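> To start, I am sharing the structure in question, which I have written as structure tokens.
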Amino acid sequence: MCPLINMAAFKGADGKLWCELLSSDKNRDSANHKENTRSLHLFIQSPCCSSPCQNGGTCISSFKYNSCDCLCEQSFAGEYCKK
């Protein structure tokens, strides 16, 4: 499933707009998500947008089930790294 796309902000010389499917979101691969003024970034809102993970936990989206999992820091556990 590709929940994200980049689409050209302007038509090319041929009058067409290009688009590309992205296989990851910025929560999973933030180092490779860079701002680009030549394209529009369209996405399904991630369950991670509300920052549910606490105590330094990393949120991983599951777009298929509209849910998320938290990868907790070493000394924390539980659904949202609360314990």
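Note that Cβ sites are derived from N, Cα and C of the backbone, with glycine treated the same way.
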> Check TrEMBL and name the cysteine among CYS68, CYS81 that pairs with CYS72 in a disulfide.
CYS81
> Where TrEMBL annotates a disulfide for CYS70, which of CYS53, CYS68 is the other cysteine?
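Disulfide mapping in TrEMBL sends CYS70 to CYS53.
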> To the nearest whole angstrom, state the Cα distance for the pair CYS72 (disulfide bond) and CYS53 (disulfide bond).
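Each residue's Cα considered, CYS72 (disulfide bond) and CYS53 (disulfide bond) end up 8 Å apart.
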> How many whole Å apart are the CA atoms of CYS81 (disulfide bond) and CYS53 (disulfide bond)?
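One finds 6 Å between the Cα atoms of these residues.
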> Is it possible to list how many residues within the domain 'EGF-like' (44-82) are helical, extended or coil according to DSSP?
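With helix first, then strand, then coil, the domain 'EGF-like' (44-82) has 4 helix, 10 strand, 25 coil.
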> Counting only residues 6+ apart in the same chain, whose Cβ is under 8 Å from the Cβ of CYS70 (disulfide bond)?
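Residues satisfying the criterion: PRO52, CYS53, GLN54, GLY57, THR58, CYS59, ILE60, GLU79, TYR80, CYS81.
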